[in-house]
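Asker: This is the structure, below, for whatever I ask next.
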Amino acid sequence: MLTYKVSPSSVYGNAFIPSSKSHTLRAILWASVAEGKSIIYNYLDSPDTEAMICACKQMGASIKKFPQILEIVGNPLAIFPKYTLIDAGNSGIVLRFMTALACVFSKEITVTGSSQLQRRPMAPLLQALRNFGASFHFSSDKSVLPFTMSGPLRSAYSDVEGSDSQFASALAVACSLAEGPCSFTIIEPKERPWFDLSLWWLEKLHLPYSCSDTTYSFPGSSHPQGFSYHVTGDFSSAAFIAAAALLSKSLQPIRLRNLDILDIQGDKIFFSLMQNLGASIQYDNEEILVFPSSFSGGSIDMDGCIDALPILTVLCCFADSPSHLYNARSAKDKESDRILAITEELQKMGACIQPTHDGLLVNPSPLYGAVLDSHDDHRIAMALTIAALYASGDSRIHNTACVRKTFPNFVQTLNIMEARIEECHDNYSMWSTHKRKVFARESFG
């Protein structure tokens, strides 16, 4: 088991932000169904990327890996051989997108994944695909992985629940490639910036669609062509380094590099949100300058940057006033129930924090070193690491191998910036630290 041992320390200097997971996975998928050769530069090399590559190879795409470059020759037929078993690993995007893609033309395709992936909702997507003609068979009565699916999709209309943007994003892929016209309406759409990211890819590849309010129509039979694409930095990952920079003792701004300020990624909102709370942040070409600065708490709508909930919760512990994070119901259905996970772990550190039905209430409070657990969630692990850097006393964070999902060199990046983090392999032990639990009832009455 990989564990981080974190000693209180401040960060200084500059950081190179890893490439976007969301763009990397979409680029690989579209290149794999395109006609001709595609070149993807600066891709994120991670377990989710490997899961997407393996699935696309099973579909018949030729994928060659070079240092920071993928060369892909697509299979525009987009047909999986009958009885293919797709392993989505621990990737929600691979699970949802490949399920939709396999339903377009293929038959008797089975998808499976990690035990953790089984808790991710699928019913809204599967029901929409049924409305387009797909069929599903489950190996158990629980409607969980693994399951077997068959297409093809027919011209039809469906609505789809909008609680998770990946449902609509997966449908957009399927409806673009299906033989005939298809349309769907998103009911109560959430996480809108991430669906907009999927639409951006359709526009980049000149794949037609039209929209009216929350209804999207696709003529079908679209044929994407090969393309070149340079993956920019991941704003979701940048948020963790930015948080460390805001809390830093540095007298100079900390530069976050490899970021495209014009990119459409959802968690870019994190930076303007922190500016609105008083943080000092500036933009300079492909860099963001974060000045160590104080900031207030506030009422924060999380819908546009749902993946930033764990690190924003940590920052709220250091704010000058209380905070209410709301409209984050979908955070319960990520790699962990992030609302409960971050509450449980930060309470171990002394945080005054209380979960609500769709978010969190946080009162500023000092944090103390503790023995913590990531809940096998990369964003929880990274958020706790930043909290531990600015806590009083050492901390241990167990189950941190999950960080490779989006930020493979997370510890190395922070240590270059003078953080004191040690990676070690151990089991839970009698190792002790100064732990305090300050429960929310004392502060929230």
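Heads up, the Cβ atoms here are built off N, Cα and C, so glycines get one too.
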Asker: Would you identify which residue of Asp301, Asp307, Asp373 Swiss-Prot lists as part of the 3-phosphoshikimate site it also attributes to Lys21, Ser22, Arg26, Ser165, Gln166, Lys334?
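Answerer: For the 3-phosphoshikimate site that includes Lys21, Ser22, Arg26, Ser165, Gln166, Lys334, Swiss-Prot also lists Asp307.
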Asker: Measure from the Cα of Arg338 (phosphoenolpyruvate binding site) to the Cα of every one of the recorded positions Ser22, Ser165, Asp307, then give the nearest.
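Answerer: Checked the recorded positions Ser22, Ser165, Asp307; minimum Cα distance to Arg338 (phosphoenolpyruvate binding site) goes to Asp307.
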Asker: Same-chain residues six or more away whose CB lies under 8 A from the CB of Lys405 (phosphoenolpyruvate binding site)?
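Answerer: Same-chain residues close to Lys405 (phosphoenolpyruvate binding site) (Cβ under 8 Å, separated by 6 or more) are Lys21, Ser46, Pro47, Asp48, Asn90, His378.
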Asker: Under a three-state reading of DSSP, tell me whether Ser22 (3-phosphoshikimate binding site) is helix, strand or coil.
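Answerer: DSSP call for Ser22 (3-phosphoshikimate binding site): helix.
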Asker: Check the Cα-Cα distances from Lys334 (3-phosphoshikimate binding site) to the recorded positions Arg120, Asp307, Arg379 and tell me which is shortest.
Answerer: Arg120
